[in-house]
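Notes for the one structure printed next.
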Amino acid sequence: MSKKLHVVSLGCTKNLVDTEVMLARLPEYEITQIPEEADLIIVNTCGFIGPAKEESLQTVFDLHSRRKKDSTLVMAGCLSERYKEELQKEMPEVDIFTGVGDYAKIDELISQKKSSFSDQVYLIRSEERIITGSNYHAYIKLSEGCNQQCSFCAIPSFKGKLQSRPIEDIVQEIKNLVAKGYKDFTFVSQDSSSYLRDFGIQESLVDLIHAVEEIEGIMSARILYLYPSTTTPKMIDAIANSPVFVNYFEMPIQHISDSLLKKMKRGIGAQKTKELLYAMRAVPESFLRTSLIVGHPGESEEDFHELVEFLEDFEFDRINLFAYSDEEGTKAYEMEEKIPQEVIEERLAILDAIVKKQQMKSLEKDLGKTVECYLDGTSEESELLLSGRKKIWAPEVDGEILINDSEIDNLQIGNLYKVHINERLGDKLVGTVRA
């Protein structure tokens, strides 16, 4: 009887890529969704901000309480790396600890039943992965680590400096995936617009875009995590003019007040940030996503109102909102002028109302239109509905199109279809597949 593995990948999609590398190292295990029957349980943790850390710990404790006797519980990833000394002392529930350096050695650690924290942060090169969750879409990691010095962010302390993958490695990985039927790709990293700057080469994202365009069999691609100070008009133009990359721009701006951007050590002011955003918005059929932090130390009422005014004037398609999380080891942690939690909550509520309104407006732009959608399968909303994703959207984060009728028989998961959008139901669109 084959051994069974239950795996949980928390946090970002970059973490998911590393989880998929671990899965490929454990071919003798059969995946199970039921932790109680697993011989091996792996949790790839997130250590980014307070709520993510709490979720990681809670997941490990919950799985420990449900595991069967003689099973092995592994805690891997960012949280494990960031607090390796404390966790190993305080969590006897865990059998094997490993951080962000040993994903490709997970089979060895399990067979030897030993913990390991390599000094070097792991970056995928040509290793096999078992893609999860899709038969047509895959995430591609551009780089690991980050050279930015944002005041609020602890990631460089456990993910290290920027290390980029060579273009030829990325191209080969995509070719291998295309040969297996994958056709839609999302490129991820901590800072995608700094790709290959660790080799002293600027604007290499443009070279990557052109290299990917040469690969036969790709239907679509998009890039996440552009950093404002390293994003250039040339990059925007390369995406806008690409036959493969959709006009998708995800650039976390975090704030728009000059004084706050300076406190956050973002390396760019409001004017240049706005110039980039307006250039992105000027691209036909562009889709803009950003992230904002509310309540960073020193955020005055004036700073906040400036952000509110900008958001009401410049409409994003999607916005991730984060309450400031006070992370030890960061520059912001040492700052005075901390914002009271109740003020942060009030400001979050104001922004959340704007975000929801803008998302509905963005969705309603498609009412009455026929759009290209990937078919993802049966919707979780109802077994009578199919689930689609607009071609330009990133998976999981940008939304779902509920398909309630089709002029075509025998629809295939992973295929692109023309879907006529009939209505909006809450935060979802409803449409019909057209012949």
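Backbone N, Cα and C atoms are what each Cβ position is placed from, and that goes for glycine too.
What Swiss-Prot records for this protein:
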| type | residues | note |
| --- | --- | --- |
| DOMAIN | 3-115 | domain 'MTTase N-terminal' |
| BINDING | CYS12, CYS46, CYS78 | [4Fe-4S] cluster 1 binding site |
| DOMAIN | 132-361 | domain 'Radical SAM core' |
| BINDING | CYS146, CYS150, CYS153 | [4Fe-4S] cluster 2 binding site |
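Neighbour counts were taken as the number of other C-beta atoms within 10 angstroms of each residue's C-beta; across the binding-site residues CYS12, CYS46, CYS146, CYS153, the minimum falls on CYS12. Taken through DSSP, the domain 'MTTase N-terminal' (3-115) splits into 54 helix, 25 strand, 34 coil. CYS78 ([4Fe-4S] cluster 1 binding site): 27 other CB atoms within 10 A of its CB, across all protein chains.
Between CYS146 ([4Fe-4S] cluster 2 binding site) and CYS46 ([4Fe-4S] cluster 1 binding site), the C-alpha separation comes to 16 Å. Residues CYS146, CYS150, CYS153 make up the record's [4Fe-4S] cluster 2 site, and a Cβ search at 8 Å around their centroid adds GLN148, GLN149, PHE152, ALA154, ILE155, PRO156, GLN190, ASP191 from the same chain. You'll find the Cα of CYS150 ([4Fe-4S] cluster 2 binding site) roughly 18 Å from the Cα of CYS12 ([4Fe-4S] cluster 1 binding site). Apart from CYS12, CYS46, CYS78, the residues listed for [4Fe-4S] cluster 1, the same chain places the Cβ atoms of LEU10, GLY11, LYS14, ASN15, THR45, GLY47, PHE48, ALA52, GLY77, LEU79 within 8 Å of the centroid of those Cβ atoms.
DSSP assigns CYS150 ([4Fe-4S] cluster 2 binding site) to coil in the three-state reduction, placing it in neither a helix nor a strand. Rounded to a whole number, the C-alpha distance linking CYS46 ([4Fe-4S] cluster 1 binding site) with CYS153 ([4Fe-4S] cluster 2 binding site) is 13 angstrom. Model confidence over the domain 'Radical SAM core' (132-361) is summarised by a mean pLDDT of 96. CYS12 ([4Fe-4S] cluster 1 binding site) sits 15 Å from CYS153 ([4Fe-4S] cluster 2 binding site), taking the CA atoms of both as reference points. In this structure the C-alpha atoms belonging to CYS153 ([4Fe-4S] cluster 2 binding site) and CYS78 ([4Fe-4S] cluster 1 binding site) are separated by 13 Å.
Counting every protein chain shown, the number of other Cβ atoms lying within 10 Å of the Cβ of CYS150 ([4Fe-4S] cluster 2 binding site) is 20.
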